[in-house]
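Below: one structure, written as structure tokens.
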Amino acid sequence: MKFDRHRRLRSSATMRDMVRENHVRKEDLIYPIFVVEKDDVKKEIKSLPGVYQISLNLLESELKEAYDLGIRAIMFFGVPNSKDDIGTGAYIHDGVIQQATRIAKKMYDDLLIVADTCLCEYTDHGHCGVIDDHTHDVDNDKSLPLLVKTAISQVEAGADIIAPSNMMDGFVAEIRRGLDEAGYYNIPIMSYGVKYASSFFGPFRDAADSAPSFGDRKTYQMDPANRLEALRELESDLKEGCDMMIVKPALSYLDIVRDVKNHTNVPVVAYNVSGEYSMTKAAAQNGWIDEERVVMEQMVSMKRAGADMIITYCKDICRYLDN
């Protein structure tokens, strides 16, 4: 009987390493940090074990730890002292993220700062834009100028990449126009253009204090049941000038990561979101899984699906890679 002997290429660890198709590197990782304006706070987020809200005055130690591990890309999320109905704190000169960015750039010039460009952390209603008084929904076109102001303010503070996440129609085009007019034509846009209205975001909203005070975000984030819609969003953002595309969430949407990869030649970013991280942590803390092996399998699955970069809360990946 003749048959194929596939096991020949699995015969030893060295052989398996040699023929491995996908690899996870420290250079692939973008690490989120939650920054609060209050002093002397380092508070573990209950629903995100191992992740902390950190004060501006304590930020340097967190940045040093991440940098020493080999992380070279950071994404800041702000928890401001005060909020209003239009998210003013997102774009003021001394906003919490602007201050954090200046601290990071002063410490490490080669640390890439990816700026999450949204309003939800700064609005008193928790939505991602200006609320229309009549429809009680986010007003798409009135929100766009505020996003542009936020992006420019973030770049002025030292951000290297703008990552708009509020899923307004036309947000890439308007931000690109605004950056170019301000002379920042070399700043790339990493669009959250394929972002689903997912239940996996829950722990993040605890961490960033950004849960909507009414309703939900289903009128601007995508339906988890839809696949072709992701390609329409991708096509629009590419036309508008995005340089990289985020798929969020990642693990339950690996088919979408592959679709996006197959339909574009720009880098694809998988966001390993808070709920995915927390489920893994909970299972590991109960002794049900081997955390290191499961995390690395998750990472390589995202790379295999087509992700060029991964946004992850798990900085321990760097330690795993060192081992």
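The backbone N, Cα and C atoms fix where each Cβ goes, and this holds for glycine too.
Here's what Swiss-Prot has on this protein:
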type     : residues               : note
ACT_SITE : LYS195                 : active site, schiff-base intermediate with substrate
ACT_SITE : LYS248                 : active site, schiff-base intermediate with substrate
BINDING  : CYS118, CYS120, CYS128 : Zn(2+) binding site
BINDING  : ARG205, ARG217         : 5-aminolevulinate 1 binding site
BINDING  : GLU233                 : Mg(2+) binding site
BINDING  : SER274, TYR313         : 5-aminolevulinate 2 binding site
Neighbours of LYS248 (active site, schiff-base intermediate with substrate) among recorded positions CYS118, CYS120, LYS195, GLU233 (C-alpha cutoff 10 angstroms), in sequence order, are LYS195
Looking only at the recorded positions CYS118, CYS120, LYS195, SER274, TYR313, GLU233 (Mg(2+) binding site) has its closest CA neighbour at LYS195
The answer, for which of the binding-site residues CYS118, CYS120 has its Cβ ringed by the most other Cβ atoms inside 10 Å, is CYS118
